[in-house]
Structure formats: structure tokens, C-alpha cells
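Participant: Sharing a structure below in C-alpha cells format, with a few things to ask.
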2 protein chains.
Amino acid sequence: MLTQDVCNSFIDIADLNQLKWNLNRLQPVDAAEYITRAPQQKRAITFRLLNKNQAIDVFEHLPSEVQKELISSLHDVQVAQIVEAMSAHERAELFDELPPGVVKWLLQELSPEQRQATATILGYPEGTAGRLMTTEYVWLREGLTVGEALRKIRRQDEDKETIYYAYVTDNKRRLVSTVSLRQLLFTIPDAKIRDIASDRVVKVRTDTPQEEVVRLMKRYDLIAIPVVDREERLVGIITIDDVVDIVEEQATEEIQKLVGVSGGDEAALSPSGITIRKRLPWLLGIMLLYIGASSAIAPFQSTISMVPVLAVIMPLFSNTGGTVGIQALTVTIRGLGVGEVTPKDTLQILRKELTAGLGTALALGFTMIMLSLIWAPPSERWVALVAGTVMATNTLVAVTLGTLLPMGLKRLKLDPAMMSGPLVTTMLDAIGFMIFLSMISMALNVFHLKH
Amino acid sequence: MLTQDVCNSFIDIADLNQLKWNLNRLQPVDAAEYITRAPQQKRAITFRLLNKNQAIDVFEHLPSEVQKELISSLHDVQVAQIVEAMSAHERAELFDELPPGVVKWLLQELSPEQRQATATILGYPEGTAGRLMTTEYVWLREGLTVGEALRKIRRQDEDKETIYYAYVTDNKRRLVSTVSLRQLLFTIPDAKIRDIASDRVVKVRTDTPQEEVVRLMKRYDLIAIPVVDREERLVGIITIDDVVDIVEEQATEEIQKLVGVSGGDEAALSPSGITIRKRLPWLLGIMLLYIGASSAIAPFQSTISMVPVLAVIMPLFSNTGGTVGIQALTVTIRGLGVGEVTPKDTLQILRKELTAGLGTALALGFTMIMLSLIWAPPSERWVALVAGTVMATNTLVAVTLGTLLPMGLKRLKLDPAMMSGPLVTTMLDAIGFMIFLSMISMALNVFHLKH
């Protein structure tokens, strides 16, 4: 395997023949990375060094900006060839990025078969099985023998995305069973497909959300899953390599949304304009939410000036309470995300969170009392008891909100990761401070504890 | 496909024959779920209804507690058969959970070949390629023809984990090339393996970390990757189904560690004892860290009692600054986690974060001034300017720490997700408060602004 470091050294090799030989020997994804990292003005020249098959494979691995760039600088014939050879769902992804005029031209250049496949896939909304599928798969009739099936598979175009499963359809093209290439190889050629194919078919519909596709493929350890339409007719398959990418994208979204990155899809090297656009809304959101939260604190300014140790205790209170809430929130959102739990389990999770929360509340309340005693001057030591009690209560409120908010969103069929961490901590701050400061000023009034 | 709801209804079906028929028809993972959800005393009986092959497949999908339970209640002969038929790396996982006495007995019962395979896998540390691999794969000699290779594959035990790639080795069993079943099927039987096999082999070593295995399989869209030892000898393969699980586990770990769940592997339905053990350490950690942070605040108690609006502003300050830091931290950790960036990109990321941070700093500083003006009584309006300036500075500090801390850990070959969110917010609080309160008391002293 040629590593990236080897790739980088090519940049300075003047000998184009040497570069050509190397580029055509590389794995397509590595050659694509080499081209992407090359200076913009050299990309098209470098790409032209690839021979036809390698060019087709490499093109699929290029980021869409570079694909766009190349389309405008290559010969029309070459572009048409490459786009014709792309798999239908990768072509659909590219078309999403291109200007409508270019898409129209490219569609005209496609063979009728590929044009049809692209149109089908573009007809489904993003995030559904229809959009992820490829229309290149192997299908067989029930009546064939194993030998005939193997001969049919051998006659297929080599481009079929996977030949490791074949799908058996009836005369209306409805999916009835599947058979793996492995089964075909291990069975005598005279056996009928009907007798060895499995009718325990795990399949999805074109409108099945991609999360469900992932769940099923993981659960049944599939390397491909068939996609059917409303009439149960086979229209495509989804392969495992796309699923690995979805699992990772989903996790990135979840983790980033949780910390207040809108959309949850910022890359570490995104341009700074995108970074601002993705992060600033929640930050300003928090500040505005604080107008609400501050109305909980503002009336107590005189209390605070009477008991200044509060200013030391309150940030600790806020940071710890927020963390408790976000821990519960994260574990719940992740449990929903990987399909480990559903809203049906709400009560069970809440029971567990409250039981654990009780232990945590006692530990944190006690520690809060200890720490407050360290900071408070003798005349303000009574504050420690109030702080400890409120800390404990706040912990229970935090785990309850952290569990119920995402579960509620999920039940309403909304995205549970919408409930971002900053929102939850702000809510907890407002609730906690209000309880805490009310109790302190009540104590001041009732017991005339100070001044 | 029989759904879970259908499964649940079996529980009340008295007719064991019906249950037996259904269980043997289900997908193994569904039957395993049915057995896991059954009351404990019925599990062993239910499991015995499975016929031999189904029992073997179902057993692999049971959670390890249920596996343990069944091992103690089934006949020794049956247990030995099932364990013999498990794939070596799943057997290694089970052995990790069982008492040493049981493992010793089971090892004796295994065939010499399986015993060897298990010992090999158990010899590698968790989290490495050696531990994930299966020793069941197809290998071929270079000199064979395609026809001979296909016949050899057909003669293989049906249990081989994947037959979709075959690995070509030299006479010292060193891996030299790979050939896919697809290539074998599409080539004339008389061709030599040596002429069609690809020597662009992507492989890993037994001690390669699982994250790197995932990265390579994703990058090259592989459904299996070969594992070699130090002498380049082929010792096993890792298949894609295990990789999907690792991607998901890795993301869960990352996301949970980030919010202060130790180990990052709490399940939504973990018992509450585990929940406490995983979450409390960081919570207590934050409180103790606050002893440090508070030494930054405590000396300023008199300042706060003179300017009580500070108590309203400080939580906002702390919450927003913390969020800015965690956003940068999360995007960086995730970028490292999915292999999008490496410590080499530190400067580039920092430049982007600071550019974006500058925009964010201006927006937040300005908003802070506006909000402080709302809350401050006329005599304390000058505080707004200080708050805005410090908010802006703090934003830049936050994005810098959020980028450099995980990058530094990664460079030291430590886990960047160790740098949890609560730790970063606490650091930011301490730094921010100290700057803020120092500036306020300086202003009080220098300008005699109050009283």
C-alpha cells in the first residue's frame, strides 16, 4: 500500500511518466486525495494522466468541489463517459451540487437506462432509503437452477455494486426471497433456486429513514439490503460501505448538536464563515434565554450584596447542575440514536436516573455543604446548608429534565438531539438560581440572620 | 420478517410445538432477543427448543449474561458443541466474561484447531486488530488457476466468515495479494491466480489499534481486511460487520466522555449503580477543581457586594464562555476521532478557530454590553463595557483551549476525549472570572467609580 507520505512526495516529481505510472497504480481513493491536495491549477492536468478505468474510479472519490472544477475543465466527451460510469446514487449526489444547466446537459448525455436510474433516485428525499440505494443489483427468477443462476451472474455487467446476494422476484418483479452467492457456490448446480433461497427477507421501503436502514443492517449483519416500493417491487439495494459512512455522520451530528453546533455537521477544517454560522446562533440564543433566566436573578441583587459568598457558590452550583443534566441528556439521546431504547422505555430510564440521581444528589449536596463552609465567613455559614439542599434538589431536577426532554421530542417524532446542552444548562440555571435565591432571601427575612 | 411484536405474543402461547416452529424460523438475532426477554426461569427451556444449527447461531447473539446462564444450565455436551461452533473472536469475548474454571474446562473440550485459534486471539490486547480478527478465511497459493481456486473455495467449510475475498500467500505464508470472489467468477478458469490477484493489498498488523482498522476499511470500502503478524504472515481477517459496531461504540465513547461519563460506555438502561460510578467522579472532580477556581473569585467578595449586578452577569458569562470552548473542543475531538484531521493540522485549525472566534467575540461582546446595560442600575453601567471586553477576550481563550488541549493530548498519544467538557468549562470559568473581577476592582480603585 502506498501511503500518503509517498503521495506527497510526488508533488515535486517533474517526470510526468513516473507520476502517471504511480497514479494509475494507487488505490482510487489515494489517487483522489493526491489530486485534491494538488494546487488547483495542476488538478485537471493530473487527472488527465489517469487511464480511463482509474479515472472513473478516482472521480467518485473526489470531493464535490473538485468534481465540479474538473467537469468544467475536461473535454465534454470525457465528462460524459465518467458520469455515465458513476453509480446512480453517487451521480445523484453530484447532481445536487452542480448548476441546473450542467445537470440538464449531463442528463441528456446519459444512456436512457442510466438517465432513468438517476431520475428515480433524485425522486426520493434525502435521508431515505430511496436516495441511498443503487439500482445495480442481481435479480433472479424463482424457477432457475443454481447452475443457471451462476451463469446469469457471470454474464452480469462487472459494474454491479454487489453480486454477493441475488434477489429472487416473481413475475410482477415483487421481491420474494434472497440467495447469497455463497449458497449458490455450495449447492449442486441442478438444485432449484426456489429450494435454497431464504424467504426470511429483511428489506426496507424507498421511504424508510436512513437510521432504520442502519439499524436493520447492523442487527442482521447484512452486507446489502434490498429496497422495495409500495407494491413490494424490488427497486434497488443499499450496500454496507454507505452504511458505515451514515453511522459516522449520524454520530457527528448528534455529538455536535448536543453542544450547540447547528445542523451538527461542521468539519474540523470548515471555513471560518461556516463555523460562525453554525455556532453563533446557539450562543446568541443562550444570551437571549438569559434575559429570561436573569429575571430570576435580578430581583435578588440586594440579597447577593448582603451575602457575597453567593457569588462564589453560584458558578459552582451552575456548572455542576448543568453537567448532571447534560450527562443524563447525552446518555438518553445516544440510547435513542443507536436504537437501544425507544420512548416506550421512558419510565424505566426515568426510574434508573432518579435512583442514581438520589445517590448523586446526596454526594453532591454533602460536598456543596463542605465547600461552602470553606468559603463562607462565620456569619454566612448557614448558607452552606441551603446550598447543599438546593444542590441536591437541583440534581434530581437535572436528571429528570435530561431524560424527559429528549424522550418527549422523540415521542413527538422530532429530533431528540434538538434539545442541545446549552439550552438545558440555561433552563437548569434559571430554575436552580430561582429556588436557591428565594430560599436565601426567605431565610434572611424570617430569621433576620444578617444585619 | 417476523417483528418483535409477533415475538412478544409467543410468550403466552402454551403450545410448545408452535413456539418451536416459530423460533427456528426466526432470524437468529430475533430468536436471541426473544429468549433474552423471556423470564429467567424459562430461558433454558426455550433455548432447548432450537434445533442444533439455529442454537449455534442464536447463542452468538445472546448477551453475555444470558450466555453464562445457559452454559450452567445446559448439558455439557451441548455447551461444548455450541462453543466449538462459535467464531474464534466471539468465543474469546465470551471467555473474558466466564469464571476461569469454566474457561479451562471449555478449552479442554475444544478441538485442537479451535483451541489454538482462541488462544491466539486471547493473546492480543483488547482494542487491537488481533483481538477483532477471525482465523477463518480462505487462502490460496499463487500458482493455482482460477478454476482450482474456485474448487478449493467450494471445498471450504461453510463456516468461513467470508469467502468473498481470498488471500494469496507465498510458501512462508506471507500475504502477497488478494483476489475477490467476483474476480474469480468473472475470469476464465484457466487463468493463473497470480495474474489476476491485486498486490495493492490494504492490510493491518495484529497490534494495529481498532480505530486505524476502521479508518482503513472505510477509506478503501472493504468488506474484510487481512491481519498479518510481524513477519508479514497472514493470521486472520476482520469483517465489516464488526467494524460497524466499533464505529458506533467509538462514537458513544467520545460523546459520553465529552460530557463527563467516565469510560464513555454507559448504556441508557445500565443499572443505576453503574450510572453513579460512571458519572459521579467527574462531578466531584468539578467541585474540587472549583476550590482552585474559587480562589480566583473568593478575594473579590467585597467587589461583588459593591457591584451586585455582577452576580447576574457572571453566570451568563460562565455559561456562554463554556459553550464556546466546548463547541471548539467537540469539533476538534470529532475531527480527530473520524480521522479527518491529525495533530499536523493543529495550526490550520487554530487559525480557522481564531478567525471564526474573532467574529464570535465581537458579536458576543456587543450582546454582553447590551444585556449588561439592561440589568445594571445607572450607577453600575460602566460594568457593561468591562463585561463586553472580557467576554470577547474569553471567547478567544475558549476557542484556543478547545483546539489545543485535545490536539496536545493526541500528540502525546493520549485519548483526546479525556479532555472532557466539564474540565474545560471549569478552567474557562477560573480564567474568565479572574480577569473579569480583577478588571472590575481595578476600575473601582482607579476611578473611584462607586461610593
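Glycine is no exception: its Cβ is also placed from the backbone N, Cα and C atoms.
Sharing the features that TrEMBL gives for it:
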type	residues	note
DOMAIN	B:133-196	domain 'CBS'
DOMAIN	B:197-254	domain 'CBS'
TRANSMEM	B:280-300	transmembrane segment
TRANSMEM	B:306-333	transmembrane segment
TRANSMEM	B:354-376	transmembrane segment
TRANSMEM	B:382-405	transmembrane segment
TRANSMEM	B:426-447	transmembrane segment
Participant: Counting Cβ pairs under 8 Å that are 6 or more apart in sequence, does the total for the transmembrane segment (B:280-300) and the transmembrane segment (B:354-376) reach three or more?
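Facilitator: By the criterion, they do not touch.
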Participant: Report the DSSP secondary-structure composition of the domain 'CBS' (B:133-196) as helix, strand and coil residue counts.
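Facilitator: The breakdown for the domain 'CBS' (B:133-196) reads 19 helix, 19 strand, 26 coil.
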Participant: Have the transmembrane segment (B:426-447) and the transmembrane segment (B:306-333) got at least three CB pairs under 8 Å, pairs 6 or more apart in sequence?
Facilitator: yes
Participant: What residues in the same chain, six or more past the boundaries of the transmembrane segment (B:354-376), come closer than 8 Å to it by Cβ-Cβ distance?
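Facilitator: Tertiary neighbours of the transmembrane segment (B:354-376) are 309, 312-313, 316-317, 320, 324, 328, 383-385, 387-389, 391-393, 395-396, 398-400.
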Participant: Please list the DSSP helix, strand and coil residue counts for the domain 'CBS' (B:197-254).
Facilitator: 25 helix, 16 strand, 17 coil
Participant: Across the domain 'CBS' (B:133-196), what does the pLDDT come to on average, as a whole number?
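Facilitator: Computed over the domain 'CBS' (B:133-196), the mean pLDDT is 83 on the 0 to 100 scale.
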